[in-house]
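As structure tokens, the structure follows; a few thoughts come after it.
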Protein chains: 6
Amino acid sequence: MEPNFKHLLHSGYSHPTLRLWQEERPLLAHQLMYPIFVSDRTDSKLHEIKSLPEQYQIPVDKLVEFIEPLVAKGLSSVIVFGVLTRDDVLKKDETGQCALHEQSPATRGVAALKKAFPKLLIAADVCLCAYTSHGHCGILTPEGHIDHQKSIDMIAKVALAYAKAGAHVVAPSDMMDGRIASIKSLLYKEGYGNTVAVMSYSSKFASVAYGPFRDAASSAPSFGDRKAYQLPSGSRGLAVRASERDEEEGADLLMVKPAGPYLDILRDLRENSRLPIACYHVSGEYAMLWHAANAGAFDLKAAVLETLRGFRRAGADVILTYYTPRLLDWLKE
Amino acid sequence: MEPNFKHLLHSGYSHPTLRLWQEERPLLAHQLMYPIFVSDRTDSKLHEIKSLPEQYQIPVDKLVEFIEPLVAKGLSSVIVFGVLTRDDVLKKDETGQCALHEQSPATRGVAALKKAFPKLLIAADVCLCAYTSHGHCGILTPEGHIDHQKSIDMIAKVALAYAKAGAHVVAPSDMMDGRIASIKSLLYKEGYGNTVAVMSYSSKFASVAYGPFRDAASSAPSFGDRKAYQLPSGSRGLAVRASERDEEEGADLLMVKPAGPYLDILRDLRENSRLPIACYHVSGEYAMLWHAANAGAFDLKAAVLETLRGFRRAGADVILTYYTPRLLDWLKE
Amino acid sequence: MEPNFKHLLHSGYSHPTLRLWQEERPLLAHQLMYPIFVSDRTDSKLHEIKSLPEQYQIPVDKLVEFIEPLVAKGLSSVIVFGVLTRDDVLKKDETGQCALHEQSPATRGVAALKKAFPKLLIAADVCLCAYTSHGHCGILTPEGHIDHQKSIDMIAKVALAYAKAGAHVVAPSDMMDGRIASIKSLLYKEGYGNTVAVMSYSSKFASVAYGPFRDAASSAPSFGDRKAYQLPSGSRGLAVRASERDEEEGADLLMVKPAGPYLDILRDLRENSRLPIACYHVSGEYAMLWHAANAGAFDLKAAVLETLRGFRRAGADVILTYYTPRLLDWLKE
Amino acid sequence: MEPNFKHLLHSGYSHPTLRLWQEERPLLAHQLMYPIFVSDRTDSKLHEIKSLPEQYQIPVDKLVEFIEPLVAKGLSSVIVFGVLTRDDVLKKDETGQCALHEQSPATRGVAALKKAFPKLLIAADVCLCAYTSHGHCGILTPEGHIDHQKSIDMIAKVALAYAKAGAHVVAPSDMMDGRIASIKSLLYKEGYGNTVAVMSYSSKFASVAYGPFRDAASSAPSFGDRKAYQLPSGSRGLAVRASERDEEEGADLLMVKPAGPYLDILRDLRENSRLPIACYHVSGEYAMLWHAANAGAFDLKAAVLETLRGFRRAGADVILTYYTPRLLDWLKE
Amino acid sequence: MEPNFKHLLHSGYSHPTLRLWQEERPLLAHQLMYPIFVSDRTDSKLHEIKSLPEQYQIPVDKLVEFIEPLVAKGLSSVIVFGVLTRDDVLKKDETGQCALHEQSPATRGVAALKKAFPKLLIAADVCLCAYTSHGHCGILTPEGHIDHQKSIDMIAKVALAYAKAGAHVVAPSDMMDGRIASIKSLLYKEGYGNTVAVMSYSSKFASVAYGPFRDAASSAPSFGDRKAYQLPSGSRGLAVRASERDEEEGADLLMVKPAGPYLDILRDLRENSRLPIACYHVSGEYAMLWHAANAGAFDLKAAVLETLRGFRRAGADVILTYYTPRLLDWLKE
Amino acid sequence: MEPNFKHLLHSGYSHPTLRLWQEERPLLAHQLMYPIFVSDRTDSKLHEIKSLPEQYQIPVDKLVEFIEPLVAKGLSSVIVFGVLTRDDVLKKDETGQCALHEQSPATRGVAALKKAFPKLLIAADVCLCAYTSHGHCGILTPEGHIDHQKSIDMIAKVALAYAKAGAHVVAPSDMMDGRIASIKSLLYKEGYGNTVAVMSYSSKFASVAYGPFRDAASSAPSFGDRKAYQLPSGSRGLAVRASERDEEEGADLLMVKPAGPYLDILRDLRENSRLPIACYHVSGEYAMLWHAANAGAFDLKAAVLETLRGFRRAGADVILTYYTPRLLDWLKE
Ligand SMILES: [Zn+2]
Ligand SMILES: [Zn+2]
Ligand SMILES: [Zn+2]
Ligand SMILES: [Zn+2]
Ligand SMILES: [Zn+2]
Ligand SMILES: [Zn+2]
């Protein structure tokens, strides 16, 4: 019996030009955004983050030197996280005031990168958890709940500070209701409405996969957890509504975080939104690939590439990943 | 009152990297397929086609010379149409037998290109209308109707002849029911099942826009018209069903023809099919742009680029267009 | 071998009642809206527009006489464009004040039609470009950028003037952000909220196909172009967002302009919106059909009908076309 | 505060032409198909069906007289059910042979209507349950299960008999797997492939709402029930798959039965199929409206019209309903 | 010939675990919400509602006793309607003031249930028609039209009164534009923003099927009808827009009413909204099943179960039905 | 300013019954299928698989004892893999004949489970790679390519052997074109057409995550890799086409493998198929969670539950996971 010709796929990609026509969404270097941890240390040394092998807390004065070879290899964007390690200059307090300080490592880091690399897209993560004494992402009421209005006012001010320092993109990761509108409104009033984009961590789940990051950013909450403001992992409806809300409030880019365990949500956003979609390949995902490769389960490079090609296939336009330095090499091979 | 921030679009594309992330489906040179008319003339001259300015009937012995500079500019695919102008060697008859002749200009043209340009993707249009004495795309019954079974048997043989001559893609344009299955079956039996792709003219409409082409290919029917086998222009349902049928019969690529007046059908196929989709920017469309530009209505280059970018936006992976030579230059600017 | 019965289509439309059940979206006369150019001339003569053959600038005092035979043939709607040719009464200035004048030809034209043809649906195009000395669609800042707030305030006043003159539909073609909300708000305050519909030129592209129109309406910009407020032709996302925005601001009808090169966007709107969708078969498209037919590429009537049936198939409920007078005859045949 | 203009709907339909543009899917007389019960009685009397008030078993010799006034009012299609009441001429047996007899009331009824009303579309219900001694819709194995192959062979022969008698549409209601392919194949071989349409009862549920019908058609099974071949009411997946299967086998029209309790399935088919969709407003639905109106719950005419307009809104192109005679009057008011 | 294996469905559900995997949306007791009529009578007797057999007007002091056995059987939610039968304490007037009275039977009923059954979800229907002397759902202008602003102010106050009495859900059934926003705003200001859900009767049609209810609730309008604020039954577009509007204004749940004749709209909402969707199986639907079963057309239990399983299949998360008491038993069998 | 009420989500889930109504697709024990490795060892000992901690190769004679406590905890399905460790009885050869031997551990394991646990759903993995001397999933030609026809003939025989041994589900994992049709056809001829379901590994990617499995099943290819028959990870189109093909050939269930890196494909299948969808949480995914938890990156239980709830959210009806034994406990907490 003859085969069902519809089911013989080979003839459709038997010539290189045919294969180009089959190609869907290739993984390209300009789609990578590298998350970097800029610290207030003054020892001019990179501090490797124990739970995030080969990633570092970088003192401001080493930043340009650290990034330079990556830019040379084609790095086109970074996202800056500030890390406070000392309490002589900037002290964490209840409301995270030090986030606004012009000597904050995030602010200084953004400014240094902007000056050194005029073509590099510089994003700045916006949150309070690295600056509050309690480690929560917002300001608390006396009873220990989130004070919603105070939190989003403060977050907008932080975003403005980074915009003033030169960030092209501000990226609120706090998940407070209404923060996109609050940031957009303040940026607009201050004249940054058309020139600074807001990338919202819009579908950010309460995930187990953030552990190593908190170590990197020294931002773990001192009590309680973040389930009151991050999304429950099982609810597709709430996840999509949260991104839709941020799109309605004026976000320029949306994000799914973590990436891997939520690829279906990435697909949902791709089909429901008209904005570019980012995804954050988080520290726990980095660790899983790293440790399993070390334990001999598979080859690291092959596993990372399969994973990230999946993010593209699912719909990501931008990928935040700690593997960016390696990928800048791997993608050239 | 504050603006609705969702409605301010500028911040989303204020940096070059942001603009790259907004980019949807750029128009690239490798997506163009150039239709060429290869004739049986022996005068070694290009004959310009009156109703299709700047397009030529090309004798086989001038073909390589004609294509060479285009390949140098990045041409990656052509589709060959054979044109009979004499009746001393190959004579048109009732059943189009001469289409199978190894001296047919299409067969010789395919072979010459294959030999000269090993990386060029070579497609061959498959039909009978340029080889039958009556100019219809199939074989007729004594009463003048299409003899369906005889037609698709013959069409499969023609496709096989081109495959043997070296075509990577055979492209049946006849619109007879069942020809994809007939071609696929014969190619499979003869060992070309995995290496020759079938690009079906699957949603081909009975359009007024083919006039100049028939002049180019000397393929106008001597009586009647083609409404019995080409699609009625108003019917979305039939158009989509025709492409679905061809996908079910094993086509490797689908096509919408003409392109411009049927962009909505292109979108329909893009969303209903998993195959690469081609569209044919036909001779009447070429003429409309040409004559209106000449009459001063607009600038030709701007109009062609706007038109073809629209084909990409609507979903085309491959574009057959007579403007290919100009576009190879324009796309580099 | 038996055929695949699914692929034999004839039995499904072999009886007239069966054919009625197959019918999709026929092209009907009441779906045509005729664009007319009403001038301030006093010579009581029709002035044919050179680049738009068979179309005229019509002095107000000839308007009823000109439209009467079309209404008799079944014309059910028109859209009025005002054209200033003199500068003794109404003078173009920086802010287009004369658009508000009760002697403007658009206002007088609307009123004359309303009085003469009580059943005719009268739409009025709303823009500033025919009334500003610089020819841009909005009011400019001293630096030559669009002054957004002043522009939409003025545009709302113009819309109100036409509503007062008797227009059933006001149709803003300017593409300034926020003008739908501005118009809706003013109409509502003035008591026209329920009786005057707003047809937004919502997905209007920066196209090369507007050339002849500008000649007709004497509205070409004296410097710069309109790319800052019209849509880039390649971006599906922005086009759909622009229409969604206008639907959110309260538009009663949406529009795609031009029609032909953007049929895929028409399909997108049809599937994403619950409003009736209009499309504008623009002057460049008119010219292409006209000149190619004149050059013998095809028959004009057949080409126009194929084109417009395509607009219906793609999803248009209303078609603005200069071929309306001919179509009122053709559709009866 | 200003209203949200998007939420004020009136301006969108304030002029009659605007209302025409809003119109969705009106209920029209030509969409009604009247189910009629043609019996083998020879008493020339209409027998009212007790459980289906105002509906009758009609002897063949009264049929034309009965239908004539309805045709005069605009009836455009009927579907004929044959009813055996005697056993002197046609006797029910195990395999329903008498369904093939040229004196069967269905066959004679179809022929009589075809002769009397040349424009009327005549459909014939195809099943075995009114002709088998056991009242099941197929032929049984000795163990009492459906003999699948024998059943669909027989059903195809019945369909052919009706086609020969003049039916334009044959409508298999039996729900045996493969009967559409079987019917299509036989009609094709016998030369009816292009002229007789097949309307499949494709998504027919095992519903409680068929009781009165069985009384009308004297077709209740003498043992067991039909759950082995009719669809379980809760399963959307199986319902859609059943219609898709029939579309693949070549059905020209699909059907949902019953209509009212399965409007969501009607919507599903409308969005997944490219065929016209019928729905059968079954006897139990007729009874519910009738008895509730009689008990004073509501006005019959208003309730029937609301119900059937819902069928149109949900996607029906054709409606089979016992209220057809009343509707021919009601729709004119 | 072999069958098409895709079309043989049985192997997919031949084992109980396979059947569990086929199960789509089972009908569960916790999805039922029981509508109850709480009256101001003081005779401590249930009054059966003549047109709604087996349903009662229940005096407040009999309420707990009446509900107790249902809660024991697994009733998890009720919706309370207040009924005024006397005019010595609460008198209907033009603006329905008595709806706010703390002695209104609805308010007292909610409070009594909240106290007696701490786990029961208590919803309260919010409307004015049972409290206005004219029986309309809003407050009228002197000319007899709806006074829109006064109506939604009053409706918000009624909702607040029920929230204060302990309702978990307030359910506005009035269909006035803007009432969801009005209720949400007042609840928010008074501190109920996070703890009281709003279930909007969002797609409520002007149906003939409400007759018996008006008898039950003594809420028929004394003049005119409700077509000015309930939806026309034929319009899919308006129905979906109305629910979308309420979702935009902050509704927590949407509703389709009636359920059965609008299953296609239920499917539409399910696919367009991310909120839970309720449907109201209204009194006329109850009556149709009841009377047809009594007339012998079918078995009541089988018919009710088929009907409600259809609501689930079409997309309902919550079903309001008078058959709840019977279903609590039937679902256990 | 008031918040946008649509964006306050809390009121929608403030009561336990409301939360039940929000619940989408809970993770339930009956959705888990446990993969077990049954070996031919005779030492009556469990052999822990080094690269798959806490998973074992189980000799046939220990199987019932091993499974018993899991069934007691609610295990409802297993999938059996046979492992050959010796070559005295069953010897691997070029064509995998020993897979058909009635003493194969898979066959004996299926039979033992069927006898011991009459309610347990027993699936058997069908492939040749554990039985061929070269370790490929099909039979090879002399040149080392897959001999397609011989392979699918053999695979169908293996499936039949397991069906005869008592498997309810046969699950071909080989990815040869046409194997579903081949298996279905043989099962049908042998009388298992209606009682044995086929679960196709339909979208199975060439992934790096299978390493530990090959260790468990001793099935690594001795040369070459499986890229010629497993899917390229980047291609959404091919992945969906492969599952569609298997659905067309008659599969009863589809599968995505691996699960986690392909959640977007799971969503695609859920929205394009009407079959139940399984996903295989493969050995490399098991290893990643295990090793990262051991390295302190997160808590194992929390990470596994978040991961699997994601599979359900993305659309899985059935989950194959090595964590099944732990989950049977965790889901009860
Ligand atoms: Zn934070
Ligand atoms: Zn041809
Ligand atoms: Zn303008
Ligand atoms: Zn039957
Ligand atoms: Zn009311
Ligand atoms: Zn294998």
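Cβ atoms here come from the backbone N, Cα and C positions, even for glycine.
Per TrEMBL, the feature active site, schiff-base intermediate with substrate maps to B:K204, B:K257. Among the features that TrEMBL reports, Zn(2+) binding site is placed at B:C127, B:C129, B:C137. According to TrEMBL, the feature 5-aminolevulinate 1 binding site maps to B:R214, B:R226. According to TrEMBL, the feature 5-aminolevulinate 2 binding site maps to B:S283, B:Y322.
There are 16 other Cβ atoms within 10 Å of the Cβ belonging to B:R214 (5-aminolevulinate 1 binding site).
Ranked by Cα separation from B:R214 (5-aminolevulinate 1 binding site), the recorded positions B:C127, B:C129, B:C137, B:K257, B:Y322 are led by B:C129. Contacts of B:R226 (5-aminolevulinate 1 binding site) defined by a Cβ separation under 8 A and a same-chain sequence distance of 6+ are given as B:H136, B:C137, B:M175, B:A206, in order along the sequence. Among the recorded positions B:C127, B:C129, B:K257, B:S283, B:Y322, the ones whose Cα is located within 10 Å of the Cα of B:K204 (active site, schiff-base intermediate with substrate) are B:K257. Long-range Cβ neighbours of B:K257 (active site, schiff-base intermediate with substrate) (same chain, at least 6 residues apart, Cβ-Cβ under 8 Å): B:S173, B:Y201, B:S203, B:K204, B:F205, B:S207, B:C279, B:Y280, B:V282.
DSSP gives B:K257 (active site, schiff-base intermediate with substrate) a strand state. You'll find the Cα of B:C129 (Zn(2+) binding site) roughly 17 Å from the Cα of B:S283 (5-aminolevulinate 2 binding site).
Same-chain residues with CB within 8 A of the center of the B:C127, B:C129, B:C137 CB atoms, the Zn(2+) site residues themselves not counted, are B:L128, B:A130, B:T132, B:G135, B:H136, B:G138, B:S173, B:D174, B:S219. Ligand 2 lies under 6 Å from the Cβ of B:C127, B:C129, B:C137, out of the recorded positions B:C127, B:C129, B:C137, B:K204, B:R226. In this view, B:S283 (5-aminolevulinate 2 binding site) is surrounded by 26 other Cβ atoms within 10 Å of its Cβ, with every protein chain counted.
For the pair B:S283 (5-aminolevulinate 2 binding site) and B:C127 (Zn(2+) binding site), the Cα-Cα distance reads 17 Å. The Cβ of B:K204 (active site, schiff-base intermediate with substrate) has 26 neighbouring Cβ atoms from other residues within 10 Å, across all protein chains displayed.
In this entry, nothing among the recorded positions B:C137, B:K204, B:R214, B:K257, B:Y322 has a C-beta under 8 A from a C-beta of chain F. DSSP gives B:S283 (5-aminolevulinate 2 binding site) a helix state. Close to ligand 4, meaning a Cβ under 6 Å from one of its atoms, is not one of the recorded positions B:R226, B:K257, B:S283, B:Y322. On its own chain, B:Y322 (5-aminolevulinate 2 binding site) has B:Y34, B:P35, B:L52, B:E54, B:Q55, B:H281, B:S283, B:Y286 as residues at least 6 apart in sequence with a Cβ closer than 8 Å to its own Cβ.
Packing around B:C129 (Zn(2+) binding site) is summarised by its Cβ count: 22 other Cβ atoms lie within 10 angstroms of its Cβ, all protein chains included. The C-beta environment of B:C127 (Zn(2+) binding site), restricted to residues of the same chain at least 6 apart in sequence and closer than 8 Å, consists of B:C137, B:I155, B:V158, B:P172, B:S173, B:D174, B:S219.
In the three-state DSSP assignment, the secondary structure recorded for B:R214 (5-aminolevulinate 1 binding site) is helix.
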